[in-house]
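Visitor: Before we start, here is the structure in question, set down as structure tokens.
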Amino acid sequence: MKPLLSLDRVSVSRDGRNVLDKLSLSLAAGERLALIGDNGVGKTTLLRTIVGLEPASGEITAFGINCRNESDFRKIRAKAAYLFQNPDDQLFCPTVIDDVAFGPLNLGLSRQEAMELSNGLLHDLGLGHLAGRITHHLSGGEKRLVSLAAVLAMQPQVLLLDEPTNALDEKHLERMLAILSAQKIAMIIVSHDWEILERLTDRAVVLRNGKLLPAMLHRHSQWSEQVHLHYVEAEGSAL
């Protein structure tokens, strides 16, 4: 079966250095991939590159489309939803329901269809009480959950999540984890919280010096409950 997403020898240069250096990656349907790395190593750049928000060399193929121009990437962004690290970068409409309905409207649904879908989704996610709220009056945790609802409203095949649980209190963290755990779609999740990645993902890679290294998140419960990282041998050149 062909992967949903495939990057082949993709490079992104910035200030004279390769942030991504002939990097290859594939993501299968339903697969949940943890993307790990130090601050500033290029994890966000990689997510942005997948949806065409960074100029890159190499080959990016997604959903059967060999992406060569902005027209191709617009089709990709309808199926690969990117959750920004800062929810204020994602939410710009007056009310929550308007923010959630924005994506479906942009995909061609009528206003009635978009509102019905968005209200139903908010209800299903346990966020129905927020529908009429003014977005900029929400707490940080509420904004993060609403931004997730906004990308899910586009009914994507892949979620690209940039630090989705960062700075959430316990209540909003558990709500976020419950929502993500219930999704039956592929994901790439960037996070510094290995405990959360171990709960949500089934494969891990580490971005270092522009390359991806295969890894495994693991815990030895008989010695320690703390999750730690093992590097593993790759079975071929593509991850």
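Every residue, even glycine, has its Cβ placed from backbone N, Cα and C.
When I checked Swiss-Prot for this same protein, it listed these features:
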{"type": "DOMAIN", "residues": "5-234", "note": "domain 'ABC transporter'"}
{"type": "BINDING", "residues": "Gly37, Asp38, Asn39, Gly40, Val41, Gly42, Lys43, Thr44", "note": "ATP binding site"}
Visitor: Least buried of the binding-site residues Asn39, Thr44, going by other Cβ atoms within 10 Å?
Guide: Asn39
Visitor: Any same-chain residues 6+ apart from Asp38 (ATP binding site) with CB under 8 Å of its CB? Would you list them in sequence order, or say none?
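Guide: Counting only residues 6 or more apart in sequence, the Cβ neighbours of Asp38 (ATP binding site) under 8 Å are Arg208.
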Visitor: Once the DSSP letters are reduced so that anything not helix or strand counts as coil, what is Gly40 (ATP binding site)?
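Guide: The three-state answer is coil.
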Visitor: From the centroid of the CB atoms of Gly37, Asp38, Asn39, Gly40, Val41, Gly42, Lys43, Thr44, the recorded ATP site, which same-chain residues not already listed sit within 8 A by their CB, in sequence order?
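Guide: These residues sit around the ATP site: Thr45, Leu207.
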Visitor: What is the average pLDDT across the domain 'ABC transporter' (5-234)?
Guide: 93
Visitor: Show which residues of the chain containing Val41 (ATP binding site), separated from it by at least 6 in sequence, have their CB under 8 Å from its CB.
Guide: Leu207, Arg208
Visitor: Looking only at Gly37, Gly40, Gly42, the binding-site residues on record, which one has the least crowded Cβ, with the fewest other Cβ atoms within 10 Å?
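Guide: Taking Gly37, Gly40, Gly42 as the binding-site residues, the minimal 10 Å Cβ count falls on Gly40.
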